[in-house]
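Q: Copied straight from TrEMBL:
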TRANSMEM  12-39  transmembrane segment
TRANSMEM  51-77  transmembrane segment
TRANSMEM  89-109  transmembrane segment
DISULFID  Cys145-Cys179  disulfide bond
DISULFID  Cys146-Cys163  disulfide bond
TRANSMEM  193-219  transmembrane segment
Amino acid sequence: MALNCGHSTIKYLLFIFNLLCSLCGIALIVIGAISLVRLEELRDISDEYNIIAPSILLIVFGSIIFVISFFGCCGAIRESYCMTSTYSFFLILLVIAQIVIAVLVFVFIGDVTTAMKKGFERVFENRDNPVNRDLINTIQSSLECCGKRSFLDYGLDIPQSCCSSGGTAPLCVPFANGCLGRLSEFLDSAGNIVAWVSLGVAAVELVGLISACCLANAIRNQQRRYS
């Protein structure tokens with residue numbers, strides 16, 4: 001069954017689009033994995049929010065997008081109305097889900113940041129506990145910060161994780177920034193990346209959704225002519 005020139009163009013554009021979507025899916029998996037590794041170090045600070053949930057969802061959605069894009073490629077090349085319609089249905093669900101995730105991140109990132117800062121303050125006040133001390137050292141090394149607001153919070157007892165010059169504590173140059181500020185910057189940055197990447201991929205998928213609907217309609221009309 002041959003489609004007319006315009007619809008054939010849509011078919012091949014949809015095929016190319018799905019290849020791009022596959023790359024977007026891989027990008028989501030990579031970004032989700034990187035943010036998961038970074039946020040994993042902070043999850044023990046507060047039990048109020050599960051800060052790694054958006055990263056896990058990105059990995060899940062990236063995997064789903066990759067699989068659905070392959071399905072869309074097959075539907076476009078084979079000119080299958082059933083496969084193309086199914087692809088469109090799952091794609092619209094993905095678009096809606098990604099928009100919802102982005103909105104939730106934008107809405108709750110401020111509350112999450114506040115909860116994490118309070119959690120860090122609580123952990124810092126109980127830093128004599130070995131578990132808390134190890135957590136603080138991990139955060140200070142990762143975020144390149146020292147103390148709550150500055151290295152002065154430690155007085156003369158600066159830990160090795162605060163050293164920025166490779167020296168030996170306490171005779172070293174400590175990180176200038178406090179961890180509360182760096183924690184806020186990191187979470188805001190991570191939240192914005194997750195939200196905007198999710199919206200960006202959803203916008204690309206929306207273009208594919210429109211193309212898939214046009215192609216499915218053309219295939220159905222062509223089938224009716226030959227039936």
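In case you wondered, yes, glycine gets a Cβ from its N, Cα and C as well.
Automatic prediction, not curation, is the source of TrEMBL annotations.
Looking at the shown structure, what environment does each listed feature sit in?
A: Residues 51-52, 54-59, 61-66, 68-70, 72-73, 76-77, 142, 186, 190, 193-194, 197-198, 201, 204-205, 207-208, 211-212, 215 of the same chain sit 6 or more residues outside the transmembrane segment (12-39) yet have a Cβ under 8 Å from a Cβ within it.
Sequence-distant neighbours of the transmembrane segment (89-109) (same chain, 6+ residues past either end, Cβ-Cβ under 8 Å): 49, 54, 57, 61, 64-65, 68, 71-72, 187-188, 191-192, 194-196, 198-199, 201-202, 205-206, 208-209, 212.
The Cβ of Cys179 (disulfide bond) lies under 8 Å from the Cβ of Phe120, Phe124, Ile136, Ile139, Gln140, Leu143, Cys145, Cys146, Gly147, Lys148, each of which sits 6+ residues away along the same chain.
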Q: Out of Cys145, Cys146, Cys163, which of the disulfide-bonded residues has the smallest number of neighbouring Cβ atoms within 10 Å?
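A: If we count Cβ atoms within 10 Å for the disulfide-bonded residues Cys145, Cys146, Cys163, the smallest count is at Cys163.
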